[in-house]
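Undergrad: Among the features that TrEMBL reports, domain 'Homogentisate 1,2-dioxygenase N-terminal' is placed at 112-251. According to TrEMBL, the feature active site, proton acceptor maps to 265. For 302, 308, 338, the entry in TrEMBL reads Fe cation binding site. The homogentisate binding site annotation in TrEMBL covers 338.
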Ligand SMILES: [Fe+2]
């Protein structure tokens, strides 16, 4: 993360004696990225973070590319899906993937996780499409609500507790590389610049330390190399009394993304929200349309020769598309042009504003539908431009 944050109790100097009320030492843990060259945080544990009691048998937790899907403009219709599985991990269904990123949905029946999860394969970005609750992690409590992006650096140990009422629907993105704020939005020391569509005030790190000191059996499901490894520890992994640094999970609400508009149609980079290895994430939010007297608000046909574009439709009417619902994904592959549906361009002329809300993921390498994703394919979509 791009700024320093601290919570709870930490000693005045790192790597020095920091004692518990009973006189024993707190156990310091440096969580660092890129060896010792990237961002890092120092955490202070009550117990030894290596106090493993049991290591269970690993089970596969991965997805397969459906090569037979071929070159197709793709619509995955997931609107009717109310739950995708019993608990947080069994409910995570990845629908598209390549070597850099996976993307899918998660609507668990169980609202409170009775285990912890640690993704050691990649950073995660969750978009809370529906639901409200608390993410408990080693970094403290983070309240989450509809419209939040939650950036979770790899190896963060966490669990969610969602409120008892209302649907839960998460868009899940897992990235091989770190998920970061956009480099061109930052100055040379990392502060978000005046032209950035969001700034540090919009970024919400964990707001309150949450410490579980009890001993007992605590299960952490660790995802590594496409497998789930059940580790049982002799104490809660949330035994942290304080931490500081630049590496921590945080929330950024899509509703705090300030749109950039113009006299004529602005290209997707103005909507960019995050960067990662091999892809970018953009937010399409309610905004005024272009104000040139002859402006065409609908987007033009586009042949993106070396990227694939995925849109997740969150709210509102999508003026350039027909047959798209809340919760739909479209995948427009490089190699085919894509554009507005017939009739939508003329219809858009004179429109003043849009209430649409969507998350876009553009990949620099081809993106594939997974075998799981095939269940949701709308067979009519590839021919939906035909007049
Ligand atoms: Fe495009």
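Cβ from N, Cα, C; glycine included.
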Undergrad: Do you know offhand how many angstrom separate residue 338 (Fe cation binding site) and the residue listed as 'active site, proton acceptor' by C-alpha?
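TA: Checking the Cα atoms of residue 338 (Fe cation binding site) and the residue listed as 'active site, proton acceptor' gives a distance of 16 Å.
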Undergrad: Count the Cβ atoms, other than its own, that fall within 10 Å of the Cβ of residue 338 (Fe cation binding site), considering every protein chain shown.
TA: 18
Undergrad: Checking the recorded positions 265, 302, 308: which ones have Cβ within under 6 Å of ligand 1?
TA: 302
Undergrad: What Cα-Cα separation, expressed in whole Å, is found between residue 302 (Fe cation binding site) and residue 265 (active site, proton acceptor)?
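TA: Roughly 13 Å, rounded to the nearest whole number.
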Undergrad: What's the CA to CA span in angstrom from residue 265 (active site, proton acceptor) over to residue 308 (Fe cation binding site)?
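TA: One finds 21 Å between the Cα atoms of these residues.
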Undergrad: Please report the number of other Cβ atoms within 10 Å of the Cβ of residue 302 (Fe cation binding site).
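TA: 13, counting other Cβ atoms within 10 Å of residue 302 (Fe cation binding site).
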Undergrad: Hey, for the Fe cation site built from 302, 308, 338, who else sits with CB inside 8 A of the CB center?
TA: 303, 304, 307, 309, 332, 333, 334, 336, 337
Undergrad: In the three-state scheme derived from DSSP, which category covers residue 265 (active site, proton acceptor)?
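TA: Note: residue 265 (active site, proton acceptor) is coil by DSSP, not helix or strand.
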